[in-house]
Amino acid sequence: MSELTSLTIAEARQKLRAKEITAIELTEAYISAIDAANGRLNAYIKVTPDLARVMAKNSDERIAAGKAGELEGIPLGIKDLFATVGVHTQACSHILDGFEPRYESTVTQNLWDDGAVMLGKLNMDEFAMGSSNETSYYGPVINPWRAAGSNQQLVPGGSSGGSAAAVAAHLCAGATATDTGGSIRQPAAFTGTVGIKPTYGRCSRWGTVAFASSLDQAGPIARDVRDAAILLKSMASVDAKDTTSVDLPVPDYEAALGQSLKGMKIGIPNEYRVDGMPDEIETLWRQGIAWLKEAGAEIVDISLPHTKYALPAYYIVAPAEASSNLARYDGVRYGLRVDGKDIVDMYEKTRAAGFGKEVKRRIMIGTYVLSAGYYDAYYIRAQKVRTLIKRDFELAFDAGVDAILTPATPSSAFGVADENLAADPVKMYLNDIFTVTVNMAGLPGIAVPAGLDHKGLPLGLQLIGKPFDEETLFKTAHVIEQAAGRFTPAKWW
């Protein structure tokens, strides 16, 4: 890793403004790093070096003129779920072959308006459906981390695996990601990076390929808490084009870092102690509690009694919304088209060829739970459970809790093509056990690296906050980060 690519966003920002480095130099360093590493990691599916150089040149001109934006000259990777004008946007699916949008997503436009530079589009699970980044049409992403003494390839988590791997391997300064049931926080935990899923409505969904519209939310993956705070400030905005966007001012999240935790109450939910959870995860959780206690926070036990129903309810609601959202991909207007003897045959052949196995599975689950005779038994009941989950959190926060601390994942990163997980999709779905409640309740959640397991792989802790109180999450996560230190993989790629 070069000296330039090892800079955090905050460090690079300072050097760019002081004119110690140029945006062109920084961008070229990342382009070289991607060229050298992407063949092994498969984090990027489309690199845009020419566009990056033009954007970097423009940044240098604005810096020279004293008109630097908040992210001026900072090279970023963009998850392939965000529409980027004239640049490949496929949600890593065969069915969107060759699709290049004529418009820009609100989130990416916000970043460009603040001066960021686009390095390319990042790999992900197809249509964001997966927990390992193995469902991508472009093949799996490889985690930059390896277990001590092992050459086994590990997954980076999903669906934002490309984002997490690129950030961990220093192939971008930071990355955009999305989270429907844990797709920012789980990959962050698996790669020793920081990922925040903001409150539902904090970042616009306009121009972001939809998976489950009532659950999807964009957020950043970054190397540390400060960088995540810087990125979220630029990504977040109110947007008239997204009816779920909330009209609240975007705070200066970075200003929250370093604030005292004295007087804060941190809730510890007993329901997150699940059967089969490794002792290492429990030990890490206790360590996190101790760090926050030392920082002046009061630790209180809380109950979130409907947590056990969250995963089954999520895997009804999310596929139901996905089956509706993905009905639009039919080969008529854009993307893949497989010719048939008539229009119905063309639809069927296009969808059969265009969607991957996991996407088909979830479409079928969703169509089933929305069908006559099952709608009330499954979908309506799942929505009622969702209301109860949200109510559990409301009661905890009403009782004076400021944030909730839990593990981020039930394990560290597992192997690529794990036979046990491939044979039983439910085991793969259990990766989301600690994260789905946050999406079901529309709350903010952040994953922060907190230690290494016995194999030397990163483990993360999760903080859950009140609606639109990301500032509390950032300041609390910063305390954990300061106590735990930062974690970087040994370079093998």
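Backbone N, Cα and C atoms are what each Cβ position is placed from, and that goes for glycine too.
What Swiss-Prot says about this protein:
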- Lys79: active site, charge relay system (ACT_SITE)
- Ser159: active site, charge relay system (ACT_SITE)
- Ser183: active site, acyl-ester intermediate (ACT_SITE)
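Everything Swiss-Prot records as a feature, shown here on the structure.
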residue: Lys79; record: active site, charge relay system; Cβ neighbours (10 Å): 31
residue: Ser159; record: active site, charge relay system; Cβ neighbours (10 Å): 34
residue: Ser183; record: active site, acyl-ester intermediate; Cβ neighbours (10 Å): 37
Local backbone state of Ser159 (active site, charge relay system), from DSSP in three classes: coil
Alpha-carbon distance [Ser159 (active site, charge relay system); Lys79 (active site, charge relay system)] in Å: 10
Lys79 (active site, charge relay system) in three-state DSSP notation: strand
